[in-house]
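Feature annotations, reproduced from TrEMBL:
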- 1-23: signal peptide (SIGNAL)
- 27-477: domain 'Glycoside hydrolase family 9' (DOMAIN)
- His403: active site (ACT_SITE)
- Asp455: active site (ACT_SITE)
- Glu464: active site (ACT_SITE)
Amino acid sequence: MAPSRFLLFVIVFNLSLLCVVQCNPDYRDALAKSILFFQGQRSGRLPPQDISWRGSSGLSDGSLAGVDLTGGYYDAGDNVKFNLPMAYTATLLSWSVIENSRKLGPQLPAARAAIRWATDYLLKCARATPGRLYVGVGDPNADHKCWERPEDMDTARTVYYVTPASPGSDVAGETAAALAAASIVFRKVDEGYSRLLLSTAKDVLQFATQHRGSYSDFLGSSVCPFYCSYSGYTDELIWGAGWLFTATNETYYLDLLKSVGPGDGTDIFSWDNKFAGAHVLLARRNLVNNDETFGAYRQKAEDFMCKILPNSPSTTTKYTAGGLMYKMGSSNLQYVTSITFLLTTYSKYMAKANHTFTCGNLVVTPDTLRNLARRQVDYILGDNPLKMSYMVGYGSNYPKRIHHRGSSLPSIAVHSQEMGCESGFQPYYYGSSPNPNTLTGAVVGGPDQNDFFPDERGDYSHSEPTTYTNAALVGCLASFAGKS
Ligand SMILES: *[C@@H]1O[C@H](CO)[C@@H](O)[C@H](O)[C@H]1NC(C)=O
Ligand SMILES: *[C@@H]1O[C@H](CO)[C@@H](O)[C@H](O)[C@H]1NC(C)=O
(Lines of atoms letter the chains of each structure in order from A and count residues from 1; the text may use other names and numbers.)
(Lines give C-alpha, C1' and ligand atoms only; values in the text may rest on other atoms or scores of the structure.)
(Ligands and ions follow the chains in the order given, each with its own letter.)
Protein backbone atom coordinates (compact mmCIF):
# COMPACT_ATOMS: atom_id res chain seq x y z
CA MET A 1 0.00 0.00 0.00
CA ALA A 2 1.39 3.41 -0.93
CA PRO A 3 2.08 5.59 2.10
CA SER A 4 -0.53 8.17 1.11
CA ARG A 5 -3.20 5.54 0.66
CA PHE A 6 -2.19 4.00 3.97
CA LEU A 7 -2.58 7.39 5.63
CA LEU A 8 -5.99 7.78 4.04
CA PHE A 9 -6.93 4.33 5.31
CA VAL A 10 -5.85 5.26 8.85
CA ILE A 11 -7.84 8.49 8.75
CA VAL A 12 -10.97 6.86 7.37
CA PHE A 13 -10.65 3.94 9.78
CA ASN A 14 -10.30 6.28 12.75
CA LEU A 15 -13.18 8.44 11.60
CA SER A 16 -15.42 5.40 11.38
CA LEU A 17 -14.28 4.25 14.82
CA LEU A 18 -15.07 7.71 16.16
CA CYS A 19 -18.48 7.36 14.62
CA VAL A 20 -19.05 4.03 16.33
CA VAL A 21 -18.46 5.78 19.63
CA GLN A 22 -20.20 9.05 18.90
CA CYS A 23 -22.57 8.92 15.98
CA ASN A 24 -24.14 5.63 16.71
CA PRO A 25 -24.62 4.92 20.38
CA ASP A 26 -25.42 1.36 21.37
CA TYR A 27 -28.95 2.10 22.56
CA ARG A 28 -29.65 -1.55 23.35
CA ASP A 29 -26.63 -1.86 25.61
CA ALA A 30 -27.56 1.39 27.35
CA LEU A 31 -31.18 0.26 27.68
CA ALA A 32 -30.22 -3.01 29.39
CA LYS A 33 -27.91 -1.13 31.76
CA SER A 34 -30.45 1.59 32.55
CA ILE A 35 -32.80 -1.12 33.87
CA LEU A 36 -30.08 -3.14 35.63
CA PHE A 37 -29.34 -0.04 37.72
CA PHE A 38 -32.55 -0.54 39.71
CA GLN A 39 -31.13 -3.70 41.32
CA GLY A 40 -28.50 -1.54 42.99
CA GLN A 41 -31.21 0.63 44.58
CA ARG A 42 -33.23 -2.23 46.03
CA SER A 43 -34.20 -2.28 49.68
CA GLY A 44 -35.50 -5.40 51.42
CA ARG A 45 -34.59 -9.05 51.01
CA LEU A 46 -32.70 -9.51 47.75
CA PRO A 47 -32.91 -12.59 45.55
CA PRO A 48 -29.70 -13.64 43.78
CA GLN A 49 -29.08 -10.77 41.33
CA ASP A 50 -26.62 -9.48 38.74
CA ILE A 51 -25.57 -6.51 40.88
CA SER A 52 -24.02 -8.92 43.35
CA TRP A 53 -22.15 -6.43 45.54
CA ARG A 54 -25.46 -5.45 47.14
CA GLY A 55 -27.12 -7.46 49.95
CA SER A 56 -30.40 -7.44 51.84
CA SER A 57 -31.15 -4.36 53.94
CA GLY A 58 -33.96 -2.59 55.78
CA LEU A 59 -35.44 -5.94 56.84
CA SER A 60 -37.26 -4.45 59.82
CA ASP A 61 -38.66 -1.47 57.89
CA GLY A 62 -42.17 -0.76 59.15
CA SER A 63 -41.68 -2.47 62.52
CA LEU A 64 -41.73 0.86 64.36
CA ALA A 65 -45.38 1.11 63.27
CA GLY A 66 -46.06 -2.61 63.68
CA VAL A 67 -46.35 -3.25 59.93
CA ASP A 68 -44.24 -4.76 57.15
CA LEU A 69 -42.86 -2.04 54.88
CA THR A 70 -39.84 -3.92 53.58
CA GLY A 71 -38.86 -3.58 49.93
CA GLY A 72 -38.97 -0.63 47.57
CA TYR A 73 -36.07 1.52 46.44
CA TYR A 74 -33.60 3.94 47.95
CA ASP A 75 -34.16 7.11 45.96
CA ALA A 76 -30.55 8.04 45.17
CA GLY A 77 -27.17 7.76 46.92
CA ASP A 78 -28.60 7.41 50.42
CA ASN A 79 -30.56 4.78 52.35
CA VAL A 80 -33.96 6.43 52.69
CA LYS A 81 -37.24 5.36 51.11
CA PHE A 82 -39.15 8.45 49.98
CA ASN A 83 -42.47 7.46 48.41
CA LEU A 84 -43.13 10.61 46.38
CA PRO A 85 -40.12 10.12 44.07
CA MET A 86 -40.42 6.31 44.31
CA ALA A 87 -43.99 6.38 43.05
CA TYR A 88 -43.01 8.82 40.28
CA THR A 89 -40.25 6.38 39.34
CA ALA A 90 -42.78 3.56 39.11
CA THR A 91 -45.18 5.69 37.05
CA LEU A 92 -42.49 6.66 34.53
CA LEU A 93 -41.15 3.12 34.28
CA SER A 94 -44.70 1.92 33.64
CA TRP A 95 -45.34 4.62 31.04
CA SER A 96 -42.03 3.70 29.40
CA VAL A 97 -43.20 0.10 29.13
CA ILE A 98 -46.74 0.99 27.96
CA GLU A 99 -45.41 3.12 25.08
CA ASN A 100 -42.53 0.83 24.12
CA SER A 101 -43.46 -2.71 25.05
CA ARG A 102 -42.42 -4.14 21.66
CA LYS A 103 -39.35 -1.98 21.39
CA LEU A 104 -38.14 -3.15 24.79
CA GLY A 105 -37.77 -6.62 23.24
CA PRO A 106 -35.72 -8.91 25.49
CA GLN A 107 -35.61 -6.22 28.21
CA LEU A 108 -39.36 -6.34 28.82
CA PRO A 109 -39.24 -8.86 31.72
CA ALA A 110 -36.47 -6.90 33.46
CA ALA A 111 -38.45 -3.67 33.08
CA ARG A 112 -41.54 -5.31 34.58
CA ALA A 113 -39.45 -6.64 37.48
CA ALA A 114 -38.11 -3.13 38.13
CA ILE A 115 -41.67 -1.80 38.29
CA ARG A 116 -42.85 -4.62 40.53
CA TRP A 117 -40.08 -4.02 43.07
CA ALA A 118 -41.60 -0.58 43.62
CA THR A 119 -45.30 -1.49 43.35
CA ASP A 120 -45.06 -4.46 45.76
CA TYR A 121 -43.83 -1.96 48.33
CA LEU A 122 -46.35 0.75 47.40
CA LEU A 123 -49.17 -1.79 47.77
CA LYS A 124 -47.98 -2.52 51.33
CA CYS A 125 -47.89 1.22 52.06
CA ALA A 126 -51.48 1.62 50.89
CA ARG A 127 -52.95 -1.53 52.40
CA ALA A 128 -51.16 -2.15 55.72
CA THR A 129 -53.33 0.09 57.91
CA PRO A 130 -56.85 1.29 57.02
CA GLY A 131 -57.07 5.09 57.01
CA ARG A 132 -53.33 5.52 56.57
CA LEU A 133 -51.04 5.79 53.58
CA TYR A 134 -47.41 5.19 54.52
CA VAL A 135 -45.19 7.59 52.60
CA GLY A 136 -41.63 6.84 53.63
CA VAL A 137 -39.23 4.90 55.84
CA GLY A 138 -35.98 6.14 57.39
CA ASP A 139 -35.16 9.42 59.13
CA PRO A 140 -33.49 11.39 56.31
CA ASN A 141 -31.70 13.82 58.61
CA ALA A 142 -30.10 10.99 60.61
CA ASP A 143 -29.28 9.07 57.43
CA HIS A 144 -27.61 12.02 55.77
CA LYS A 145 -25.17 12.41 58.69
CA CYS A 146 -23.81 8.95 57.97
CA TRP A 147 -21.86 7.45 55.10
CA GLU A 148 -22.65 3.78 55.49
CA ARG A 149 -23.72 0.82 53.41
CA PRO A 150 -27.45 0.06 53.28
CA GLU A 151 -26.65 -3.39 54.65
CA ASP A 152 -25.16 -1.81 57.82
CA MET A 153 -27.62 1.02 58.19
CA ASP A 154 -28.31 1.66 61.89
CA THR A 155 -30.11 5.02 61.89
CA ALA A 156 -33.75 5.35 62.95
CA ARG A 157 -36.12 3.74 60.48
CA THR A 158 -38.86 6.18 61.33
CA VAL A 159 -42.12 5.46 59.52
CA TYR A 160 -44.01 8.39 57.96
CA TYR A 161 -47.66 8.43 56.94
CA VAL A 162 -50.58 10.63 55.96
CA THR A 163 -54.15 10.34 57.25
CA PRO A 164 -57.49 12.13 56.67
CA ALA A 165 -56.50 14.61 59.41
CA SER A 166 -52.98 15.16 58.06
CA PRO A 167 -53.41 14.46 54.35
CA GLY A 168 -51.05 14.36 51.40
CA SER A 169 -52.89 14.63 48.09
CA ASP A 170 -49.51 15.00 46.35
CA VAL A 171 -47.96 11.75 47.53
CA ALA A 172 -51.33 9.95 47.39
CA GLY A 173 -52.05 11.23 43.87
CA GLU A 174 -48.65 10.05 42.67
CA THR A 175 -49.05 6.69 44.39
CA ALA A 176 -52.42 6.24 42.68
CA ALA A 177 -50.85 7.16 39.34
CA ALA A 178 -48.08 4.57 39.85
CA LEU A 179 -50.47 1.77 40.79
CA ALA A 180 -52.87 2.57 37.93
CA ALA A 181 -50.08 2.80 35.33
CA ALA A 182 -48.57 -0.47 36.59
CA SER A 183 -52.00 -2.14 36.41
CA ILE A 184 -51.89 -1.55 32.64
CA VAL A 185 -48.38 -3.04 32.40
CA PHE A 186 -49.43 -6.24 34.18
CA ARG A 187 -52.91 -6.56 32.66
CA LYS A 188 -51.96 -9.27 30.19
CA VAL A 189 -49.19 -10.99 32.14
CA ASP A 190 -50.60 -11.22 35.68
CA GLU A 191 -54.28 -10.46 35.79
CA GLY A 192 -54.73 -10.92 39.54
CA TYR A 193 -51.85 -8.59 40.33
CA SER A 194 -53.16 -6.05 37.84
CA ARG A 195 -56.61 -6.08 39.48
CA LEU A 196 -55.08 -5.58 42.93
CA LEU A 197 -53.02 -2.65 41.63
CA LEU A 198 -56.08 -1.05 40.07
CA SER A 199 -58.43 -1.46 43.04
CA THR A 200 -55.76 -0.08 45.38
CA ALA A 201 -55.11 2.82 42.99
CA LYS A 202 -58.81 3.70 43.14
CA ASP A 203 -58.80 3.72 46.96
CA VAL A 204 -55.65 5.83 47.13
CA LEU A 205 -56.97 8.38 44.63
CA GLN A 206 -60.21 8.56 46.58
CA PHE A 207 -58.16 9.40 49.66
CA ALA A 208 -56.19 12.03 47.72
CA THR A 209 -59.32 13.79 46.47
CA GLN A 210 -61.48 13.56 49.61
CA HIS A 211 -58.84 14.82 52.03
CA ARG A 212 -56.93 17.57 50.29
CA GLY A 213 -53.63 18.90 51.52
CA SER A 214 -49.91 18.82 50.90
CA TYR A 215 -47.81 16.30 52.82
CA SER A 216 -45.06 18.89 53.27
CA ASP A 217 -47.40 20.82 55.58
CA PHE A 218 -47.62 17.88 57.97
CA LEU A 219 -44.30 16.10 57.67
CA GLY A 220 -42.08 19.19 57.53
CA SER A 221 -38.37 18.47 57.89
CA SER A 222 -38.92 14.76 57.36
CA VAL A 223 -39.62 15.41 53.68
CA CYS A 224 -38.36 18.97 53.17
CA PRO A 225 -36.09 20.06 51.64
CA PHE A 226 -35.52 16.57 50.24
CA TYR A 227 -38.84 15.93 48.50
CA CYS A 228 -40.94 18.89 49.48
CA SER A 229 -44.03 19.24 47.31
CA TYR A 230 -43.09 22.65 45.94
CA SER A 231 -45.62 22.56 43.11
CA GLY A 232 -48.54 21.75 45.42
CA TYR A 233 -50.90 18.85 44.84
CA THR A 234 -53.13 19.93 41.93
CA ASP A 235 -50.68 18.42 39.44
CA GLU A 236 -50.77 15.05 41.22
CA LEU A 237 -54.59 15.08 41.31
CA ILE A 238 -54.71 15.59 37.53
CA TRP A 239 -51.92 13.06 37.00
CA GLY A 240 -53.57 10.48 39.28
CA ALA A 241 -57.02 10.99 37.73
CA GLY A 242 -55.45 10.92 34.25
CA TRP A 243 -53.83 7.54 34.91
CA LEU A 244 -56.99 6.12 36.49
CA PHE A 245 -58.98 7.32 33.48
CA THR A 246 -56.40 5.75 31.16
CA ALA A 247 -56.63 2.46 33.04
CA THR A 248 -60.46 2.33 33.30
CA ASN A 249 -62.22 4.80 30.96
CA GLU A 250 -64.66 5.38 33.85
CA THR A 251 -66.69 8.59 33.67
CA TYR A 252 -65.98 9.17 37.36
CA TYR A 253 -62.36 10.02 36.53
CA LEU A 254 -63.33 12.12 33.55
CA ASP A 255 -65.62 14.13 35.84
CA LEU A 256 -62.81 14.48 38.34
CA LEU A 257 -60.51 15.74 35.58
CA LYS A 258 -63.15 18.26 34.52
CA SER A 259 -63.66 19.50 38.07
CA VAL A 260 -59.92 20.05 38.64
CA GLY A 261 -59.32 21.52 35.16
CA PRO A 262 -56.24 21.05 32.96
CA GLY A 263 -53.98 22.99 35.34
CA ASP A 264 -50.99 25.26 34.86
CA GLY A 265 -48.68 25.56 31.90
CA THR A 266 -45.04 24.76 32.75
CA ASP A 267 -41.64 24.26 31.19
CA ILE A 268 -40.56 21.44 33.50
CA PHE A 269 -41.44 17.84 34.25
CA SER A 270 -40.13 16.19 37.40
CA TRP A 271 -40.89 14.14 40.54
CA ASP A 272 -42.40 17.39 41.90
CA ASN A 273 -44.23 18.87 38.93
CA LYS A 274 -46.37 16.62 36.72
CA PHE A 275 -48.60 19.06 34.84
CA ALA A 276 -46.74 18.53 31.55
CA GLY A 277 -46.82 14.76 31.93
CA ALA A 278 -50.57 14.81 32.48
CA HIS A 279 -51.05 17.12 29.49
CA VAL A 280 -49.12 14.80 27.18
CA LEU A 281 -50.84 11.69 28.53
CA LEU A 282 -54.32 13.16 28.03
CA ALA A 283 -53.47 14.84 24.71
CA ARG A 284 -53.32 11.33 23.28
CA ARG A 285 -57.11 11.15 23.66
CA ASN A 286 -57.44 14.15 21.40
CA LEU A 287 -54.73 13.24 18.89
CA VAL A 288 -55.15 9.51 18.58
CA ASN A 289 -58.79 9.01 19.66
CA ASN A 290 -60.14 12.30 18.19
CA ASP A 291 -61.88 13.09 21.48
CA GLU A 292 -62.59 16.83 21.52
CA THR A 293 -62.96 16.79 25.33
CA PHE A 294 -59.18 16.68 25.50
CA GLY A 295 -58.38 19.51 23.12
CA ALA A 296 -57.31 21.73 26.02
CA TYR A 297 -54.72 19.15 27.14
CA ARG A 298 -53.30 18.95 23.63
CA GLN A 299 -53.00 22.74 23.55
CA LYS A 300 -51.18 22.70 26.90
CA ALA A 301 -48.88 19.89 25.75
CA GLU A 302 -47.96 21.90 22.65
CA ASP A 303 -47.40 25.09 24.65
CA PHE A 304 -45.00 23.01 26.76
CA MET A 305 -43.11 21.77 23.68
CA CYS A 306 -42.84 25.38 22.45
CA LYS A 307 -41.16 26.29 25.74
CA ILE A 308 -38.66 23.44 25.36
CA LEU A 309 -37.69 23.60 21.66
CA PRO A 310 -34.52 25.69 21.17
CA ASN A 311 -35.70 27.49 18.00
CA SER A 312 -39.17 28.30 19.23
CA PRO A 313 -40.05 31.98 19.73
CA SER A 314 -41.62 31.13 23.11
CA THR A 315 -38.76 28.97 24.37
CA THR A 316 -37.74 29.37 28.01
CA THR A 317 -35.20 26.56 27.96
CA LYS A 318 -31.43 27.05 27.96
CA TYR A 319 -28.99 24.74 26.20
CA THR A 320 -25.27 24.34 26.84
CA ALA A 321 -22.79 25.03 24.04
CA GLY A 322 -22.51 21.25 23.68
CA GLY A 323 -26.27 20.96 23.10
CA LEU A 324 -27.56 19.72 26.45
CA MET A 325 -30.89 20.97 27.77
CA TYR A 326 -30.06 22.87 30.93
CA LYS A 327 -32.84 23.37 33.45
CA MET A 328 -31.27 23.54 36.90
CA GLY A 329 -27.85 23.31 38.48
CA SER A 330 -28.71 20.50 40.83
CA SER A 331 -29.11 17.12 39.19
CA ASN A 332 -29.95 18.62 35.79
CA LEU A 333 -30.11 15.28 33.97
CA GLN A 334 -33.24 14.31 35.92
CA TYR A 335 -35.10 17.09 34.06
CA VAL A 336 -33.44 16.22 30.78
CA THR A 337 -34.54 12.59 30.90
CA SER A 338 -38.10 13.33 32.09
CA ILE A 339 -38.63 16.03 29.43
CA THR A 340 -36.95 13.92 26.75
CA PHE A 341 -39.37 11.12 27.53
CA LEU A 342 -42.25 13.53 26.86
CA LEU A 343 -40.60 14.55 23.56
CA THR A 344 -40.39 10.94 22.35
CA THR A 345 -43.90 10.14 23.55
CA TYR A 346 -45.59 13.21 22.09
CA SER A 347 -43.70 12.65 18.85
CA LYS A 348 -45.15 9.15 18.73
CA TYR A 349 -48.72 10.39 19.29
CA MET A 350 -48.24 13.08 16.61
CA ALA A 351 -46.94 10.54 14.12
CA LYS A 352 -49.92 8.25 14.79
CA ALA A 353 -52.29 11.15 14.13
CA ASN A 354 -50.29 12.62 11.24
CA HIS A 355 -50.30 15.82 13.23
CA THR A 356 -48.06 18.90 13.21
CA PHE A 357 -48.30 22.16 15.14
CA THR A 358 -46.55 25.50 15.21
CA CYS A 359 -44.67 27.60 17.76
CA GLY A 360 -45.04 31.04 16.16
CA ASN A 361 -43.51 30.52 12.73
CA LEU A 362 -41.74 27.29 13.67
CA VAL A 363 -43.46 24.21 12.23
CA VAL A 364 -43.09 21.27 14.59
CA THR A 365 -43.29 17.77 13.14
CA PRO A 366 -42.86 14.45 14.94
CA ASP A 367 -39.24 14.47 13.76
CA THR A 368 -38.60 17.91 15.28
CA LEU A 369 -39.31 16.46 18.72
CA ARG A 370 -37.62 13.15 18.06
CA ASN A 371 -34.42 14.76 16.78
CA LEU A 372 -34.14 16.92 19.89
CA ALA A 373 -34.79 13.85 22.04
CA ARG A 374 -32.10 11.88 20.23
CA ARG A 375 -29.63 14.73 20.66
CA GLN A 376 -30.23 14.67 24.44
CA VAL A 377 -29.88 10.89 24.72
CA ASP A 378 -26.73 10.92 22.58
CA TYR A 379 -25.24 13.67 24.72
CA ILE A 380 -25.85 11.60 27.86
CA LEU A 381 -24.22 8.57 26.23
CA GLY A 382 -21.02 10.42 25.29
CA ASP A 383 -21.62 12.68 22.29
CA ASN A 384 -20.51 15.78 24.20
CA PRO A 385 -17.46 18.04 24.50
CA LEU A 386 -15.84 15.89 27.23
CA LYS A 387 -16.62 12.66 25.31
CA MET A 388 -17.96 11.46 28.62
CA SER A 389 -20.78 9.00 29.11
CA TYR A 390 -22.96 10.04 32.03
CA MET A 391 -24.14 6.47 32.46
CA VAL A 392 -21.91 4.42 34.73
CA GLY A 393 -20.52 1.34 32.98
CA TYR A 394 -21.50 2.49 29.48
CA GLY A 395 -18.60 3.23 27.12
CA SER A 396 -15.08 3.61 28.51
CA ASN A 397 -15.16 7.14 29.94
CA TYR A 398 -17.84 7.46 32.62
CA PRO A 399 -18.17 8.77 36.21
CA LYS A 400 -15.97 6.78 38.59
CA ARG A 401 -16.71 8.56 41.89
CA ILE A 402 -20.47 8.73 42.07
CA HIS A 403 -22.15 10.06 45.20
CA HIS A 404 -23.63 6.75 46.31
CA ARG A 405 -23.02 5.06 49.63
CA GLY A 406 -23.20 1.45 48.48
CA SER A 407 -21.10 2.00 45.37
CA SER A 408 -18.39 3.95 47.19
CA LEU A 409 -17.85 1.58 50.13
CA PRO A 410 -16.37 -1.94 50.09
CA SER A 411 -19.08 -4.50 49.36
CA ILE A 412 -20.28 -6.72 52.21
CA ALA A 413 -19.31 -9.56 49.86
CA VAL A 414 -15.61 -8.67 50.34
CA HIS A 415 -15.70 -6.84 53.70
CA SER A 416 -18.24 -8.53 55.92
CA GLN A 417 -17.39 -6.68 59.16
CA GLU A 418 -19.91 -4.03 60.05
CA MET A 419 -19.02 -0.41 59.26
CA GLY A 420 -20.73 2.20 61.43
CA CYS A 421 -22.37 5.53 60.64
CA GLU A 422 -19.18 7.57 60.25
CA SER A 423 -16.66 4.93 59.27
CA GLY A 424 -17.31 5.45 55.58
CA PHE A 425 -16.09 9.04 55.46
CA GLN A 426 -12.37 8.21 55.72
CA PRO A 427 -10.85 7.09 53.46
CA TYR A 428 -13.77 6.34 51.17
CA TYR A 429 -15.98 9.43 50.92
CA TYR A 430 -13.19 12.02 51.20
CA GLY A 431 -10.60 9.98 49.28
CA SER A 432 -10.00 10.38 45.55
CA SER A 433 -9.98 6.69 44.59
CA PRO A 434 -12.63 5.44 42.16
CA ASN A 435 -15.62 3.71 43.78
CA PRO A 436 -14.96 0.00 44.41
CA ASN A 437 -18.40 -1.13 43.14
CA THR A 438 -19.79 -0.31 39.71
CA LEU A 439 -23.42 0.78 39.86
CA THR A 440 -23.98 -0.25 36.24
CA GLY A 441 -26.47 1.91 34.36
CA ALA A 442 -26.66 4.71 36.93
CA VAL A 443 -27.09 8.11 35.29
CA VAL A 444 -25.62 10.89 37.43
CA GLY A 445 -26.74 14.52 37.86
CA GLY A 446 -24.53 15.43 34.90
CA PRO A 447 -22.33 18.28 33.70
CA ASP A 448 -22.58 21.95 34.62
CA GLN A 449 -23.73 24.73 32.28
CA ASN A 450 -20.26 24.74 30.66
CA ASP A 451 -20.42 21.04 29.75
CA PHE A 452 -17.89 20.37 32.50
CA PHE A 453 -17.99 17.49 34.95
CA PRO A 454 -15.57 17.22 37.90
CA ASP A 455 -16.29 13.57 38.88
CA GLU A 456 -16.01 14.20 42.62
CA ARG A 457 -17.81 12.09 45.20
CA GLY A 458 -18.77 15.04 47.40
CA ASP A 459 -20.34 16.91 44.49
CA TYR A 460 -23.83 15.47 44.82
CA SER A 461 -25.40 18.00 42.43
CA HIS A 462 -23.49 16.48 39.53
CA SER A 463 -22.41 13.04 40.77
CA GLU A 464 -25.47 11.51 42.40
CA PRO A 465 -27.73 9.08 40.51
CA THR A 466 -31.48 8.88 41.19
CA THR A 467 -34.15 6.32 40.36
CA TYR A 468 -36.33 8.87 38.54
CA THR A 469 -33.50 10.02 36.23
CA ASN A 470 -33.15 6.44 35.02
CA ALA A 471 -36.88 5.63 34.95
CA ALA A 472 -37.54 8.28 32.30
CA LEU A 473 -34.46 7.32 30.31
CA VAL A 474 -35.63 3.70 30.02
CA GLY A 475 -38.49 4.85 27.77
CA CYS A 476 -36.24 7.10 25.66
CA LEU A 477 -33.65 4.38 25.14
CA ALA A 478 -36.30 1.82 24.25
CA SER A 479 -37.76 4.25 21.75
CA PHE A 480 -34.39 4.52 19.94
CA ALA A 481 -33.23 0.93 20.47
CA GLY A 482 -36.28 -0.86 19.11
CA LYS A 483 -37.50 -1.37 15.58
CA SER A 484 -41.11 -0.37 16.40
C1 LIG B 1 -60.47 3.50 26.66
O2 LIG B 1 -60.95 4.13 25.52
C3 LIG B 1 -59.98 4.34 24.50
C4 LIG B 1 -60.61 5.19 23.40
O5 LIG B 1 -61.74 4.61 22.89
C6 LIG B 1 -59.49 2.99 24.01
O7 LIG B 1 -58.50 3.17 23.02
C8 LIG B 1 -58.90 2.23 25.20
O9 LIG B 1 -58.50 0.94 24.81
C10 LIG B 1 -59.90 2.12 26.35
N11 LIG B 1 -59.23 1.61 27.52
C12 LIG B 1 -59.79 0.76 28.37
C13 LIG B 1 -59.00 0.39 29.56
O14 LIG B 1 -60.90 0.31 28.19
C1 LIG C 1 -50.55 13.69 6.54
O2 LIG C 1 -50.70 15.11 6.47
C3 LIG C 1 -50.14 15.68 5.30
C4 LIG C 1 -50.17 17.19 5.43
O5 LIG C 1 -51.27 17.63 6.20
C6 LIG C 1 -50.89 15.15 4.08
O7 LIG C 1 -50.31 15.69 2.90
C8 LIG C 1 -50.77 13.63 4.06
O9 LIG C 1 -51.52 13.10 2.99
C10 LIG C 1 -51.27 13.02 5.38
N11 LIG C 1 -50.99 11.58 5.40
C12 LIG C 1 -51.85 10.71 5.86
C13 LIG C 1 -51.41 9.27 5.85
O14 LIG C 1 -52.96 11.00 6.27
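Cβ from N, Cα, C; glycine included.
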Between Glu464 (active site) and His403 (active site), the C-alpha gap once rounded to whole angstrom:
5
Does DSSP give Asp455 (active site) helix, strand or coil?
coil
Lowest local Cβ density (other Cβ within 10 Å) among active-site residues: Asp455, Glu464:
Asp455
Can you give me the same-chain residues 6 or more apart in sequence from His403 (active site) with a CB-CB distance under 8 Å?
Gly77, Val444, Arg457, Gly458, Asp459, Tyr460, Ser463, Glu464
